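*Asks:* This structure is in structure tokens; I'll ask about it shortly.
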Amino acid sequence: MSKDCGNHGGGGGGAASRICGAIIGFIIIVLITIFLVWVILQPTKPRFILQDATVYAFNLSQPNLLTSNFQITIASRNRNSRIGIYYDRLHVYATYRNQQITLRTAIPPTYQGHKEDNVWSPFVYGNSVPIAPFNAVALGDEQNRGFVTLIIRADGRVRWKVGTLITGKYHLHVRCLAYINLADKAAGIHVGENAVKYMLVNKCSVNV
């Protein structure tokens, strides 16, 4: 049958078999080469640090509605000396006790070279976001104590560049702890009439 490499009559069948064998052999060699390069170079996950958070608004109102507005600074470092990273997609948002409390903010796609750093300062915000009742109680208690614990998340997809070879896409999950002292504005830097910038410098967990 025509879709089988070796099932052709006459001398043409032998030629077709040799062509198919050569193609399959080439594909196998390419896959083995990529695998060996990957194993030898041992790509390392990028490092992320949440440097600061500027709070413009953080108000919990009844019935369990949260309005928040932050500008965060998050830095990423490619620790590989021979491997580049393509950030094809990256969305940043804030959560409280595993509940998303802001919209997702997209960071423009970018390439990060060897031993290179990137710094992004996106705004993350949400207007009158409904909060689960049990989370609203916990958040109210934290506000009364003056300290609020949030998780800044970054989810996306990355590709690795090794020489001229570029891998497929891998999922990237970043989690950064943001422990904000809302009670003591003197703990931060006033950058506007109602905005306070808190220095955090927290190392984030990264999973690829």
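Every residue gets a Cβ built from N, Cα and C, even glycine.
Look at TrEMBL and you will find 73-176 tagged as domain 'Late embryogenesis abundant protein LEA-2 subgroup'. Summarising the annotation, TrEMBL assigns transmembrane segment to 15-41.
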*Asks:* If I take every residue in the domain 'Late embryogenesis abundant protein LEA-2 subgroup' (73-176) and average their pLDDT values, what number comes out?
*Replies:* 95
*Asks:* Please spell out the DSSP helix, strand and coil residue counts for the domain 'Late embryogenesis abundant protein LEA-2 subgroup' (73-176).
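*Replies:* Each residue of the domain 'Late embryogenesis abundant protein LEA-2 subgroup' (73-176) counted once, the result is 13 helix, 64 strand, 27 coil.
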